[in-house]
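Feature annotations, courtesy of TrEMBL:
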type     : residues : note
SIGNAL   : 1-16     : signal peptide
DOMAIN   : 295-382  : domain 'Ig-like'
REGION   : 382-432  : region 'Disordered'
COMPBIAS : 406-428  : compositional bias 'Low complexity'
DOMAIN   : 427-525  : domain 'Fibronectin type-III'
TRANSMEM : 536-561  : transmembrane segment
REGION   : 588-607  : region 'Disordered'
Amino acid sequence: MAALPLLLCLLPLAPASSPPQPASPSPCPRRCRCQTQSLPLSVLCPGAGLLFVPPSLDRRAAELRLADNFIATVRRRDLANMTGLLHLSLSRNTIRHVAAGAFSDLRALRALHLDGNRLTSLGEGQLRGLVNLRHLILSNNQLAALAAGALDDCAETLEDLDLSYNNLEQLPWEALGRLGNVNTLGLDHNLLASVPAGAFSRLHKLARLDMTSNRLTTIPPDPLFSRLPLLARPRGSPASALVLAFGGNPLHCNCELVWLRRLAREDDLEACASPPALGGRYFWAVGEEEFVCEPPVVTHRSPPLAVPAGRPAALRCRAVGDPEPRVRWVSPQGRLLGNSSRARAFPNGTLELLVTEPGDGGIFTCIAANAAGEATAAVELTVGPPPPPQLANSTSCDPPRDGEPDALTPPSAASASASAKAAEAGAPTDRGVQVTEHGATAALVQWPDQRPIPGIRMYQIQYNSSADDILVYRMIPAESSSFLLTDLASGRTYDLCVLAVYEDGATGLTATRPVGCNRFSTEPALRPCGAPHAPFLGGTMIIALGGVIVASVLVFIFVLLMRYKVHGGQPPGKTKASAPVSSVCSQTNGALGPTPALPAPEPTAPRAHTVVQLDCEPWGPSHEPTGP
């Protein structure tokens with residue numbers, strides 16, 4: 001108990017425990033300036049020559065400026081745990097790659113500047129986690145692709161989006177339409193060639209839209225444009241005004257842009273690039289009545305086709321007009337045809353049936369439509385056995401001379417019958433345009449005089465072959481009513497239309513009026529009779545020479561075999577070793593040896609002669625030949 005007062009006296013002498021000290025801030029990266037004494041904390045490293053994001057960043061910083069450096073990539077760990085960062089600037093670096101999830105911890109970030117870098121694409125995971133982002137600056141990069149889900153995390157909060165000065169040819173328009181809070185949208189200085197209708201209809205807060213210097217030929221009407229007044233200069237414009245900039249585009253001033261011409265504007269930047277009559281004129285100086293369109297005219301379609309069941313079939317339809325007409329197909333049963341498991345519809349007007357069936361036969365209707373109207377044409381398809389081959393009705397071997405067109409002949413009865421069938425099937429024939437004479441490479445086209453049309457300048461002939469899609473134009477003087485077409489291909493079907501080009505008295509513009517169309521077929525080419533081709537002669541000579549050589553070798557072998565048999569199976573000049581003794585006669589010029597008796601010769605007149613004595617003696621195996 002005595003120790004208790006002693007302990008109570010010693011307690012006041014014990015040191016009191018100190019409160020916890022705040023963690024010391026991270027050291028400021030080299031060549032950077034850091035504000036860590038007061039909130040908000042900031043790290044400023046502009047133009048510091050950095051090659052990568054400094055690893056010793058203060059993770060409590062609210063502002064990080066890394067512009068004008070040489071950073072080439074942003075890694076996942078570079079900005080990890082910076083949950084309080086509000087402003088991040090990476091402008092004017094050499095960034096080519098941003099790792100997926102590199103900004104996933106920056107959930108409080110309000111502004112991200114990535115302009116002036118070398119990004120070529122932006123994927124779906126590279127902006128993940130930016131749920132509070134307000135300003136996204138991506139200008140002056142090399143962006144050629146923007147993923148549809150790249151802006152999903154910030155779609156509801158984004159207010160400014162700058163995609164200018166890139167290489168964008170397409171955009172995820174559906175994703176851009178979900179940016180309900182966006183105020184400024186910069187799409188200028190890209191490669192955009194078209195904008196879908198209604199792309200901006202849901203951007204109710206949009207105050208500035210910049211589409212300057214793209215490749216736009218037309219701008220479709222949008223509910224946003226018709227609801228808000230359009231002013232070019234932001235100064236003095238009301239808060240609800242929309243600033244729309246679309247200068248520097250090759251605008252095609254036709255009836256599709258009348259809606260834009262009717263809006264009040266204050267600028268003088270836009271100009272028309274086409275049609276030729278309006279090219280170069282100030283957009284707002286062109287009267288509304290000059291924004292005209294031309295209805296479509298079908299210039300080519302497939303002739304009646306016959307294919308066996310199970311084989312593919314291609315139906316072609318071409319049309320011209322202003323604007324370019326869109327071609328659709330309707331089946332014989334009245335159904336609109338498109339891409340399916342058995343059919344494919346191409347933008348150029350071709351309908352391909354991959355596998356034909358007996359029920360596919362009938363009249364297919366081609367519909368070409370644009371803003372000025374529509375035109376229809378019929379194509380007959382027969383599904384069944386293929387027709388029997390037809391032989392040429394001429395065997396003449398006298399082709400036309402070089403440089404001279406073939407002789408023109410009136411259409412034969414068979415051609416007239418074929419033309420009648422084509423007319424019944426809906427072929428583009430017109431009584432006003434006639435092909436009176438045609439041969440293998442030439443045709444004479446005639447049409448009625450159209451000079452009663454006031455202001456007529458010329459005629460235009462358009463034609464193409466069923467074997468290709470190239471449309472050929474011919475300009476004819478206004479005083480002509482016929483024209484000789486040359487350089488045609490033999491044995492082909494041609495679709496031809498004649499248009500009258502005149503000056504519209506109401507508008508003073510150049511306009512066209514169809515005179516009529518026709519279809520004709522050139523005669524098949526005559527097969528010339530001549531000498532065989534050089535390759536054929538060369539091959540024949542080689543075969544003949546080879547045959548002679550082979551025959552010679554066979555004859556030589558046959559002769560050797562015959563000689564071998566004649567000499568008893570021994571080579572000529574040799575005898576068998578067991579040959580019997582025979583008489584051998586040797587020629588001498590000396591004494592006479594024993595000779596066999598010879599019959600006495602008949603007496604003849606004496607004459608000079610030489611006596612040759614032949615000595616014959618037995619020869620056997622034991623004898624050896626001796627010298628002379």
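Including glycine, each Cβ sits where the backbone N, Cα and C put it.
Summarised as a single figure, the pLDDT of the domain 'Ig-like' (295-382) averages 89. In the domain 'Ig-like' (295-382), helix, strand and coil residues by DSSP number 3 helix, 51 strand, 34 coil. Across the domain 'Fibronectin type-III' (427-525), DSSP classifies residues as 0 helix, 54 strand, 45 coil.
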